[in-house]
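These notes are about the structure you will find just below.
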Amino acid sequence: MRSHYCGHLNKSLVGQTVELCGWVNRRRDLGGLIFIDMRDREGIVQVVVDPDMADVFAVANQLRSEFCIKLTGEVRARPESQVNKEMATGEVELLARSLEIINRSDVLPLDFNQKNSEEQRLKYRYLDLRRPEMSDRIKLRAKASSFVRRFLDTHGFLDIETPVLTKATPEGARDYLVPSRVHKGSFYALPQSPQLFKQLLMMSGFDRYYQIVKCFRDEDLRADRQPEFTQIDIETSFMTAEQVRAVTEKMIREMWLELLNVDLGDFPIMPYSEAMRRFGSDKPDLRNPMELVDVADLLKDVDFKVFSGPANDPKGRVAALCIPGGAALTRKQIDEYTAFVAIYGAKGLAWLKVNDLAAGMEGIQSPVAKFLTEEIIQAIIERTQAQTGDIILFGADSAKVVAEALGALRLKAGKELGITNESAWAPLWVVDFPMFESDDEGNVAAMHHPFTSPLNLSPEQLKANPEEALSNAYDMVLNGYEVGGGSVRIHNAEMQSAVFDILGITPEEQRLKFGFLLDALKFGTPPHAGLAFGLDRLVMLLCGTENIRDVIAFPKTTAAACLMTDAPSLANPAALEELAIAVKLATKDKA
């Protein structure tokens, strides 16, 4: 039906007759001529309809926005005075020779010329995707996927599919369950990742695997999470952690170079402990120059329990965050920051303004200055490298609360005050994570997943001191987002059982849930390691947006609902009966 895309017309085609299919973006009547801006996925071109072409002119008179049309015409150069440098096709226009209305359109429930509500955009997503901004994002996503396949194919990786109907495994979030009609009372789980299957593929001898795969997690959502998401899943045998990082870093660097013409450079490597100490986050945004600075040693003997208490507590921390130019902050703004850190458990936010460094104590403004000697204040200023016009904010609490509160405040202030370089790219690797952490109930949990290998420890050493163990894990971080994470895997049954034991999984549970894995580990399992990237998050960064819904064709809301199809919905009672399922809905307390 078409010979060219609208957005591909240029001066090299002048004089040629082309056939286009697309939509009416806009129609204008000017000086007896009708001008149509015709749009398809590749762009917009201006069409001119001359009244001398009576039949074509009559059809053009009927056109309205979003009519689907087919048009044949001659490409001609625009007069120099009418060249539109804002359009890719701005040097040419199309003189219409024939025009057909394929399908008419009702008035759209969306207005493409103004901002529509998120709810309306999701309800009519098929229309929202017609907008060039959205279309460009989906096309860039396709290019990213294509690049990944080409790169990994070239490097000897095999694209192998793994099951979607599988068994629930503990990976940190709730599973989406699928009832079995044949095995009544039993359920499949949709995979949170292909983790165990890709490890089994390594045991099968496929030493380089990849898959661009849908994964599912029933968890609380936010801007960069969806219940179903796409993962670039990678696993290798006989490669070290350093080699896995090298090949995947190369992939991301070449992707950015091809799609954005940006050279990310070599990725620095930072231990987890350093990231938490300096930035209060295991995914630090290095575009922001501010750092958390420890000052507990200076405050152990001050007559101010807010500082001296945590300073003398082995599990406590007192840290300072110097904000350049922050002395200009109003009391209202400081109060807003105080309320913000309270979200993370902080009980307050002490501050010290350096109004004039040369004026000594006269140039200092702080409600806590009376508790501190001049020597201590000068030592804090020197350590934080504060200058005239800066403000120093303090976090004093448990190490966890201080890191989370000041780490989050660092990001917030960096963005709001223009300190973060939003136009830069700052990648890094974070390595040497703790092997285990405590969950909200105080139970031991794997920081990554229970199949991650410890760093240079035997099973006996791991069991003797699990809280000090580091894992052979690594995360790729870009502009404050974790875009990929992986590890060297456990490749012998003894170590895997030791990890399960530490996690409180009984031998009986181990056999029930992971018997197939423990058995497989006994048959000459090769050392293996891998990594998975969140494709949605990568594309979000490539597109310069802050919400992964912007780069998914048909996303869910933060309530995990599809407004377009009204999913999820109630099931047919007959289908539930066939599955031997009875639905018991919780009733709200009327009291």
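Placed from the backbone N, Cα and C atoms, the Cβ positions cover glycine too.
Residues annotated as L-aspartate binding site in Swiss-Prot, with sequence analysis given as evidence: E171, R217, H448, R489. In this structure, R489 (L-aspartate binding site) is part of a beta strand by DSSP.
What Swiss-Prot records for 195-198 is region 'Aspartate'. With DSSP states grouped into helix (H, G, I), strand (E, B) and coil, the region 'Aspartate' (195-198) comes out at 4 helix, 0 strand, 0 coil.
In the three-state DSSP assignment, the secondary structure recorded for R537 (ATP binding site) is helix. Cβ contacts within 10 Å of R537 (ATP binding site), excluding its own Cβ and spanning all protein chains shown: 20. According to Swiss-Prot, the feature ATP binding site maps to R217, D218, E219, Q226, E482, G534, L535, D536, R537, an assignment based on sequence analysis.
Between the listed binding-site residues, namely E219, E482, the fewest other CB atoms within 10 angstroms of a CB are found at E219. Ranked by CA distance from L535 (ATP binding site), the binding-site residues R217, H448, R489 have R217 at the top as the closest. Within 10 Å of the C-beta of R217 (L-aspartate binding site) we count 21 further C-beta atoms, all protein chains included.
Of all the binding-site residues in the record (R217, H448, R489), the one with the smallest CA separation from E482 (ATP binding site) is H448. In the structure shown, across all protein chains, R489 is the one of the binding-site residues H448, R489 with the greatest number of other Cβ atoms within 10 Å. With respect to R537 (ATP binding site), the closest of these binding-site residues in Cα terms is R217, chosen from R217, H448, R489. Note: the CA-CA distance between H448 (L-aspartate binding site) and E219 (ATP binding site) rounds to 16 Å.
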